[in-house]
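Feature annotation from TrEMBL assigns transmembrane segment to A:46-70, A:82-100, A:120-137, A:163-195, A:207-225, A:232-250.
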Amino acid sequence: MELFFSLSLMMAVAIASGLVGAFALMKKMTLASDAISHIALPGLGIALLLKFNPIIGGAAAILLGALLIWTVERKTRIATETIIGVVFSASLAIGSLITPSEELLEVLFGGFNGFDSAEWLIGIIMSLIIISSILFLKERIALSLVSQDLAKTVGINNSRLNLFFLLIFALNVILGLKFLGVLLMGSLIIIPAAVSKNLSWNFRSDLILSAAAALFSVAIGFVLSSNFDLELGPTIISVAALLFLLSVFFKKSSAN
Amino acid sequence: MNNQGCILKVDGLSVFFGQSQIIKNISFEARKGESLAIIGPNGSGKTVLFRALIGSLDYTGKIEWAPGVRIGYVPQRIDLDRYLSLTLEDFLSLKTKVLHFPRAVINEALKMVHLPPATLKSSLNNLSAGQLQRGLIAFALIGSPDILLFDEPTAGVDLPREEQIYETLHHLQDKQQMTVIFISHDLNLVYRYATKVICLNREMFCFGSPQTALSPELLDKLYGARIAHRHFE
């Protein structure tokens, strides 16, 4: 039964990550996605020090980080990548300093201590919120990516949509923190989406393949890690990376 | 707006980018079925004017659209990311799905711009410049706009094709009383299709019918060089 709970939650998170990742990649948020997950580290560290639920600390830090990135993108002309680069390494440095060293490894690479039923329920609900938001907003987000001006002419508020996507993204990262950890969660969002970009032929196939690649990586990673006693997070990401490698060979010849 | 047939009224419009003023105090109006050309050298604020009209840029002054007006916008170009896996069909569906139009309007729009249905399955990244422009026009025409803002591309579309586009738009104007405002770099097209012309070089230099508004002296002043008249005298 515990296996069912864990696996179902992880699969829900995987589908959410695949969908979010498909858009994150189009938005060129590869670096931002790493940064957002790294921002969790100081929050996790503080929570562990003060002995409250680390996920809450991480979540608070991530939401703050997402708002920060959104504001910076909107208000300044400093290259977002520069700021993200700084925030990213600073978070890692500060976070490593304040996180108790015996827990640092788990925070960085995730650990798998099962979920209690409340955590399971919250996780499933959050995954469903992410999945349904993305499915509901997919056309708007895509149009805003093609051209903010065209989006404007059909009544889309680009700035609000952008913030909403960042929050969905942040929520997704928070969800995966527990089993993938700070260093790897960004990868579950980006790598399956990158696999899909190599193979997809239209919008729908892109979303489906991206979710499928994430799901496959998590499922196979889970099986491998429990059978061969491997760390879960790194195993999942290794499977995803292998998929990416394979997908390169099947890349459409017409790709630009 | 109480002025009958007036679809857009612009009054004292200025746009600033930081400290520099890109558009300075321009005023004009567009009526139903009219065809208005905007001409001016590079960097004169033509595209900025369009972006202000659709509400994408902050401005001072007044832009008044007739109530409930539907705007179609054809940008000069779009920056396509190679990670964007959209076919032309996906792209056009974005608009029909957001605005809840039936699927059939996509094929109608496609027919209007003379694109074969097979192009629907092509990735946006694989379309030629000309096909992409038609795709953008089709996107703008979905939902039968009352006014079309058409920013002509500077490169990549050959002239006969361009003329075909203008013929199509002209035809739509006759049929649906659509207003067209177009930015053009080709004064031949302006003479042939515009009922009125706006000369823009940050400020408005002229507004009127092409025959009366475009004197050789004015074109010299607008473009800052004696380039235009040999064509048009």
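If you go along the chain as it appears here, the first residue is 1 and each next one adds 1.
Note that Cβ sites are derived from N, Cα and C of the backbone, with glycine treated the same way.
Remember, TrEMBL labels are computer predictions, not curated facts.
Only pairs six or more apart in sequence are counted, and the transmembrane segment (A:46-70) with the transmembrane segment (A:163-195) gives three or more Cβ pairs under 8 Å, enough to call it a contact. Residues of the same chain lying 6 or more positions beyond the ends of the transmembrane segment (A:82-100) and with a Cβ under 8 Å from any Cβ of it are 31-32, 34-35, 38-46, 48-49, 61, 65, 68-69, 72, 76, 107, 182. Within the chain carrying the transmembrane segment (A:207-225), a Cβ under 8 angstroms from the stretch's Cβ atoms is held by residues 7, 10-11, 13-15, 17-19, 21-22, 112, 138, 188, 191-193, 195-196, 199-200, 231-232, 235-240, 243, all 6 or more beyond its ends.
When Cβ-Cβ distances below 8 Å are used as the criterion, the transmembrane segment (A:163-195) is approached by residues 10, 13-14, 16-18, 20-25, 27, 29-30, 33-38, 40-41, 44, 55, 58-59, 62-63, 65-67, 69-70, 95, 106-112, 115, 123, 126-127, 129-130, 133-134, 137, 141, 209-214, 217-218, 232-234, 236-237, 240-241, 243-244, 247 of the same chain, each at least six residues removed from its ends.
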